[in-house]
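Summarising the annotation, TrEMBL assigns disulfide bond to C21-C348, C211-C225, C377-C383.
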Amino acid sequence: MSTKTLYAPPSVGSESLEDSCFPVQLNFAIRHGTRNPTMKDITRINNTHSRLLLDHEGEVSTWVENWENPFPKETEAWLADKGVRELIEIGQRLRARLSPSSVFYDARKFFFEHTWKIRTKQSAEAFAFGFFDGLQPVFYHSDPMGEDEVLRFYDNCPTFERQIDSNKSATIEHRKYRSSEQMHKNLAKFQTLSRFQSATQNDMEAAYAGCAFDVAVRNVFDQWCSFFDDEMLLSMDYFQDLKHFYRKSHGHALSYEIATPLLQDIFRTIKQRVDGKNKIEGHFRFAHAETILPLASLLNLSYFDQHASDREGHFRADTPLDLALQRKFKSSELAPFAANIGFVLYECSPDQGSKQTKPEYKVKTLLNEREVKFNECKGQVLCPFDVLENIFRRWIYEFDFQEHCMISHT
């Protein structure tokens, strides 16, 4: 279900750590949890349902006849109950990484920020409830709309807006897929399964959205999802990834380079703790899939499917489905609801007999609470901070966001 996929919690298991190391800081970017559909989705699902009632052939399914949209317009895009639970549980698990016992909010030690969207505020509050084992008077920072360069960098880069976000040619493979042989096959199946012979591509996409929210929010599989078989769902997932790959990942360099303000902010907080300039134990940022996917790509956590030629590439409209399914980039795995990218800073005591007297700082990188290993760290989960800093030096210290985002008038 692409970015509308439910979060899969990590399996429970003990993590191996060096005995001399203990965690001193958590630094995370977290996507909001499972949410209700937006007004756009509510409207298009309603419209398709109305057309289905009028134009169906034969006996209509009981659920179609009795269906009323279960998502009130008043709570459009709000965090769903399932999303609240997701964030509470993530908060509990991350707190356990920092301390086996309860921790209490202290503004000098914990910093929470979210975007101006209500679902990220609700996510921050749910996370804090889990992290602090109940309600505590937490301060949440949020930059005004249009001024959030760290968490909504994609809204603050005119070059990205012009060249990619508003440029239809930038995601042309996604548009081409609409008229592909596979999509024609999907639509024919959809018309048969729904008994809706006049159904259009737009109707099928609306029904797919209905299916995604049925599963994610309501745990319902036998309504909108009944109009799709497995092949159709896999194809629609690839269809969505064609858009995300070019707009939010490696499809265009600027699509992920614009995440540098966030990476710079994360490393600034970590380095200040390493240098003894702050006592922050937890810095938590709550944002969107449009935040997580570029950051994952910047860190190269999202594998760039590189092939011998464009013809062999996975991210084309004419890529056969069996080849497309072999791709490494899957937004459903990288940026589901509640997706997160985090850095856990550890302070490690010098080895016995070592001439080194100062502690060494190491970092564990996590993608959706699962350990990430970088080749430059020699396969070690705990990477020396200076090594990790050097891996991303270009983005942390050399990339100028304003320079790359400024539109030249020459």
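Positions of Cβ are set from backbone N, Cα and C atoms, glycine also.
Keep in mind that TrEMBL annotations are predicted by a computer and have not been checked by a curator.
Using a 10 Å Cβ-Cβ cutoff, C383 (disulfide bond) registers 23 neighbours. Of all the disulfide-bonded residues in the list C211, C225, C377, C383, the shortest Cα-Cα distance to C348 (disulfide bond) is found for C383. Rounded to the nearest whole angstrom, the C-alpha distance between C225 (disulfide bond) and C377 (disulfide bond) is 44.
Taking Cβ-Cβ distances under 8 Å and a sequence gap of 6 or more within the same chain, the neighbours of C211 (disulfide bond) are M1, Q223, W224, C225, F227, F228, L233.
If you take the Cα of C21 (disulfide bond) and the Cα of C377 (disulfide bond), they are about 17 angstrom apart, rounded to a whole number. For C377 (disulfide bond), the same-chain residues that are 6 or more apart in sequence and have a Cβ closer than 8 Å to its Cβ are C383, P384, V387, L388, I391. Counted within 10 Å of its Cβ, the other Cβ atoms near C348 (disulfide bond) come to 17, all protein chains included. Following the DSSP three-state reduction, the secondary structure of C225 (disulfide bond) is helix.
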